[in-house]
C-alpha cells in the first residue's frame, strides 16, 4: 500500500507533493477508510430501514407482492432478521390466503348457541370441556390450559386482550408489550379458577372433570419432556375413553416429541376429521411438519389456522419465523420445498410458493409500485437444511379418512391439506350461502338449512349430557354477600364471584376480596366489573323463575332510588347555587355509593346542603347535576357538578350511611305589575354595575383564582323572570363573595328576586367601602 502524499511549499513559492511519513500515512489511511465505511454503513442502514417501512406500509395496504419484495430487499441490504417485525406481512399473507379460497371472515360465535349445558360449559379457546375455568377481565371464561399455553392473544368473542402467561412475547418493536394491569394481575395469580364455575363443573359432570384432570397431568409430562411416560398415559386414557380428543392431541404431541411424525399426523388427522374447524389442531399439525423439515407444508397449515382464527398467537409467531428464514438472501434463491406431500392422490394441486402468491395477489389487489431491486425467482428446490430427515412427507401422511371424497369435488384446497381438512374450506364456502355443514354420527357431511335442528350435532366439544333436575340447586348461585341469587355476577382475579353492586360496595371500604382478603387494587383501578357471561347464562337457562323474582326486587330498589322528591340523597358538605359549578372530591365510602347510585339510576342528581348542628343538615339546599366523574385508581373520584333547582327539606332520613330527604322545589314569585317590573329592572341594572365594578377592582391574584374556579361572570339577562331561580349572575356573585354561609343560606331560601338583589347590594356596598380604604 502506497503512502499518501502531503503538499508542501518550496522556497520558490511553488507547491510540490512529498510522501508523508510512513507511520502517519497508515493512520490517515485507516482513518479515512473507516470514515468512508461508516458513511456507507449509515447510508445502507437508512436504506434498509426505509425498505422495511415500505414493506410494512405495502402489507398494511394489502399489496403482498410489493411487501415481500421490499422485505427481501431490506434483508439483502443488511437489515437484521427479526421475525417480530413481520406482523403486518403475516396479516397480509393471511388475508390473501382467505381471498384465494373464498373464505369469509369467521363471525364471533355466540356463547351457548348450541344449547345444553354441554355447550355452555365449554372452553371458548380449545372448545373442550371447561376444566378449571378462569374468567378473564372481559367476563368470558376459558380453561386454564388455554391461558397457560397462550393459544390466543385476544378473546374469541369480544377480542379483548387475554392475560399473558409469560412476559416473553415481544411486539413489533422487539420490546415486551405491557399488558393491562388487570390482565397482568390475573396472570400473576397463576390464573385462579372461578370457584363457582369450577364447583358446578365438578358437580354436574364428574366424569368429564376427572378426564380433564388426567389430561392436565399429561400436559405436565409433556412440558417436562417425559414423552415416553406421556405416551403410555395417553394410550391408557384413550383405551378408557376413545372419543377424548384432547387426550388424542396430547398423544400426537408425545409422538412428535419421540420423532414419530407419522403416528402424530394420524392422530391429528383423526381429530380434524371430527372437528374440521379447530385452529389448534392445524397448528399442532404444522408444528409436526415443521419439526420434520417440511416448511412449505407447515406454513400452509399455520396459514389455515390463522384463517380460522386470526388471533391464534403461536401460529402467527411460527409464520413470522418461517417468513424471516425464507426471505434471507441465502434461502430466497432456493425457495420452498415442493414436497412429495403435494403429489399425494388426494391433494393433486400446485405447490405453495411465494412466486405464485405474488402473481395472484397482483390480480386480487392493485399493482404495487415498482421496486428498485428485483426479488430472485422462487424455484422448487428444497430449502437448505430442511431435507435432512429420514421420513418423507408421503410416508408421514399416508393415513386417509373414509367417505369424504364426494363432498370435496366442489372446492379447491391447498395441497398440504389432507382429505378431512378439505371439509373446512367446503364448510366456509357454504356458510357464505347461509348453510352449515354438520357431522353426523356416521361421519358423512350433510347440508343443514338454518332453522333446522338435527337430533345430534357434533360441535367443538363432546355432548356432556343434560343436567338432572335434582342437581340444580339455587344455593349454588347465591352471592355470599347479600345471600340472594346472583344479579349481574362478576368474578374477581382471585376467582370469587359476587353481585356487581355487592362487590362495588365492599370495594368502597377496602380494596380486598371480601372472602379471601386478596388485594384487588388492580381490579378496582380497572373499574370494568364485566359480568361473568357463563354464570349469567346458566342462571337464565336453569333458574328463570328465581331470576325473574330477583330482577323484580332490583327494579323496585332502583325505582325507589330514582325519586327526585322522596328519599333524595343529600351530600352534606358545602353551599351550592343554581347554574354555578361545584367540583367535589369524593372519598368517603357512603358518598362513593351515593354517587354511583345516582349514575346507575340515570338521574345523575343529588342534593347539597351545609351541615347543621341541630338537624344534621340545613333546611334549604340546591340540587347538583353530575356532568362528569373522573375515578382515581384507589376508588376515590373527582365529580364535576353544576347547581340546579333549589329545594326545602320536608323530612329527613338515612339510607346505607348517607342522608336522604323528602323535598319540595323553590321558584321565584313572579312580579306582574308593570311599575314593579320597571323598578325591579332599575335595581337589577344598578346592582349588576356595582358587582362588575367590585370584581374589576379585586387584586389580579384573587380575580384569576375566582375565574379559574367558578368561570367568568354571566352576562345580564333581558328577561329577569324567565328562569325559575332568577338571573344566573346573582348566584355566581353570591358564590364568590366572602360572606358567612348562614347569610348565603338565607339568600338561597328567598323566593323574591327583589329581596335577593337588595341583600346582594348591601353586601357589595360593604365590600366596596373596604376596597376604597
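Cβ atoms here come from the backbone N, Cα and C positions, even for glycine.
Marked as compositional bias 'Polar residues' by Swiss-Prot: 359-370.
Taken from Swiss-Prot, the feature domain 'Lon N-terminal' covers 558-768.
Per Swiss-Prot, the feature phosphoserine maps to 431; the stated evidence is similarity to another entry.
Feature annotation from Swiss-Prot assigns region 'Disordered' to 1-29 (among others).
The feature region 'Disordered' is assigned by Swiss-Prot to 359-388 (among others).
What Swiss-Prot lists as repeat 'TPR 1' is 48-81. When averaged over the repeat 'TPR 1' (48-81), pLDDT in the model lands at 81.
Sequence annotations record features per position, and here Swiss-Prot assigns repeat 'TPR 2' to 212-244.
For 246-278, the entry in Swiss-Prot reads repeat 'TPR 3'.
Summarising the annotation, Swiss-Prot assigns repeat 'TPR 4' to 279-312.
The zinc finger annotation in Swiss-Prot covers 123-159 (among others). Sorting each residue of the zinc finger (123-159) by its DSSP state yields 6 helix, 8 strand, 23 coil.
Feature annotation from Swiss-Prot assigns zinc finger to 479-517 (among others). The helix, strand and coil residue counts that DSSP assigns across the zinc finger (479-517) are 10 helix, 8 strand, 21 coil.
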Short question: which residues 6 or more past the ends of the zinc finger (479-517) have a Cβ under 8 Å from it?
134-135, 139, 182, 185-186, 189, 192-198, 523-524, 529-532, 535-536, 539, 543, 546-547, 549-551, 553-554, 589, 592-593, 596, 634-635
As a quick check of your reading of DSSP, tell me how many residues in the repeat 'TPR 2' (212-244) are helical, how many are strand and how many are coil.
26 helix, 0 strand, 7 coil
DSSP residue counts for the repeat 'TPR 4' (279-312), split into helix, strand and coil:
28 helix, 0 strand, 6 coil
Residues in the repeat 'TPR 3' (246-278) grouped by DSSP into helix, strand and remaining coil:
26 helix, 0 strand, 7 coil
How does the repeat 'TPR 1' (48-81) divide up by DSSP, counting helix, then strand, then coil residues?
26 helix, 0 strand, 8 coil
